[in-house]
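Student: Can you read through this structure? Questions will come right after.
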């Protein structure tokens, strides 16, 4: 529908003909005043100087400029010649409201005439009663006029001062490629409509549905238009909202998402790391191979328990270390298993315990080697706490700290599983997932692994300090290489694990990264510390025999060592370490200028 400001004008539909097809407009009923056309078309710049806007109209109507100075260089405008004529040298169409302007002037004239006749009868000009004119009284006379207008139509006003409505009704139609406004009815006190003259786009004579708003689709709410209760806009429910009623959208509970048509809510699917997931292939492979290799080493060591190589490796701590390696591999199965009370409790216990056992044993070994050689520089007496029982006591003391921390954690925060609906709460609810996991935060994980990392770093420091020990002295250098490699593994673990906290695959990436890092750490210890011994035991048994001087015969000149040991006695063994493991301790052979220092390999 178009108001009278649209009417039958071409400008509103220019280049929008197909969009405007079928539009119904109204226009006040009017007629062209021929006398005005004759008058206006005869106006020129010479005979219409009283109209101050006529010169501007002249320039705009004829596309010219009256002043030569107003012409710009390169402009297509020309100078006005004053020989132009309205209607001849330009298109001219009478403004539709001319009739009403003329009638308004006549209405004022008729009202003044009637007022003068009543207030100044028989007088010419104004009488005292009309000097000045009372506007309120004049308005009453204007509303009382009744005459025939310039177009022959009666001019009257009602009690509100409004003229009777008289309108022509138009429809913009496209037929055979041409467009026109066609009169389809009128309004004069009541409606006169010729339905047969109406034409609608696409359907011809069939009337389109005349409604303010179409019904909303499922999942959309009605937003009423202010002041128009029967009209509304349809707004879709967005995000995690669903349609409660025709006018309301509401957010689903945190563990649910909207249905496809958003008329209700449905549970969010719950995911976890499955055994057959591609993310679990590598961790499980490393764990299975690692467990098999660990059991193979244990069986080999037990079978050859009394051979020199097994004895020299420090049997007690070796088995403790193998137990820690075995637990590191089994952690993978706990991390992939479905989270529940039992699984989450075992994760807390064994995730850090396996590494604590391993690094506690390695730390005890490296610390023992360091103390023996440091003691040898200062005294010929053996250092304290280097017996197997002492070493086991130190190792289990270090492990007990980890167990104590786990017990405190269980008391402060009991273990349980949770479904995290925020971790994968995507913008599109169709892809939202709940993650079933153990309630272990990143901070708790740092605390859980922090003690193991502290043991690892301390062990690495001791490995660096003992790097100068001769290679035949126990396992100082292999332990050093093991710790260097392990540090590299965990340095790579930290940015991968914590750098993917915002990833949609956080559950899979972090679990895989953690299990692979633990398994690689265990594999490094197993490969560097045990596989060379197993190789010698199985394939070179001729090397697995007692030797009187197997590990080292270090010869130093008396002149070189005199600064350190002359005060202690030039004819005593220097730094000889005796313990329960010193089965091959040699008696030193003294010379006048030389001192022989001999250590049994397994004693260290």
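Even glycines carry a Cβ here, placed using N, Cα and C.
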Student: Of the ranges 518-540, 541-563, 564-586, which one does TrEMBL list as transmembrane segment?
Tutor: 518-540
Student: Checking feature assignment: transmembrane segment per TrEMBL, candidates 349-370, 415-436. Which range matches?
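Tutor: Within the set 349-370, 415-436, TrEMBL attaches transmembrane segment to 349-370.
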Student: For the transmembrane segment (349-370), find every same-chain residue at least 6 residues outside the stretch whose CB is under 8 Å from a CB in it, and list them.
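Tutor: Residues 314, 317, 320-321, 323-331, 334-335, 386, 391, 394-396, 398-399, 402-403, 406, 448-449, 451-452, 455-456, 458-459, 462-463, 465-466, 469, 473-476, 479, 482-483, 518, 521-522, 525, 604.
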Student: Determine which residues of the chain contact the transmembrane segment (317-337) at the Cβ level, with the cut-off under 8 Å and only residues 6 or more beyond its ends counted.
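Tutor: The answer is 273, 275, 280, 283-284, 286-287, 290-291, 294-295, 297-298, 301, 310, 343, 346-347, 350-351, 353-362, 364-365, 388, 391-392, 395, 511, 514-515, 518-519, 521-522, 525-526, 529-530.
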